[in-house]
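Below are the structure tokens for one structure; questions will follow.
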Amino acid sequence: MFGLGWSEMILLGVVALIVIGPKDLPNMFRELGRMSGKARAMASEFQRAMESAADDSGVKDISKSIQAAANPAKFGVDKLKSAASSTFKPGTETAKLSEERQAAKDKISAATARAAQDRRDREMAAADAAEMSDEPDMAMPAPVIEPAPAPKPKAKPKAAPKAKAAASTTSDKPAKPRAKKTPAGEA
């Protein structure tokens, strides 16, 4: 309301209470309510008068014609949409293409089936030939080839020792004594 927050309204109420006083404050609020009611009534009366003047001058007819022009069904946009719609007819070229693909699939399936049958026949013939031979079946195990051991990586050269800071030689202060090291077992 009027861009005021609750804290600002409370502050105004406290100031009004101090300035006007507790006896006259309810009467003042009552008068403010009456004045705001009269202002609202005048605003609504003005709005009704403006609307009736606009209706008399023909603004209502103009707004109806604008709304009719904005309506796509009455303006003919639906005819434009139907003219621009896609004319895709499924079943023409796609059916031919799918028939060609099915024929290629059948051809590939038949070729793989023949190859599999030929392989099975060769395996059966080899097994029959092994059974028919008079020699005992002594299958020699395949020789195990051990891979050559990988060469060991060369050792990296050791880094050069770092130079100590020259601060101890240039400083006038004596160096701090180092802590004594004790073996891990002693405490």
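Backbone N, Cα and C define each Cβ position, glycine as well.
In case it helps, TrEMBL gives these features for our protein:
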| type | residues | note |
| --- | --- | --- |
| COMPBIAS | 96-108 | compositional bias 'Basic and acidic residues' |
| COMPBIAS | 116-125 | compositional bias 'Basic and acidic residues' |
| REGION | 81-187 | region 'Disordered' |
Using DSSP, how many residues of the compositional bias 'Basic and acidic residues' (116-125) fall into helix, strand and coil, respectively?
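Its residues divide into 10 helix, 0 strand, 0 coil.
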With DSSP helix as H/G/I and strand as E/B, how many residues of the compositional bias 'Basic and acidic residues' (96-108) fall in helix, strand and coil?
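Going by DSSP assignments, the compositional bias 'Basic and acidic residues' (96-108) contains 13 helix, 0 strand, 0 coil.
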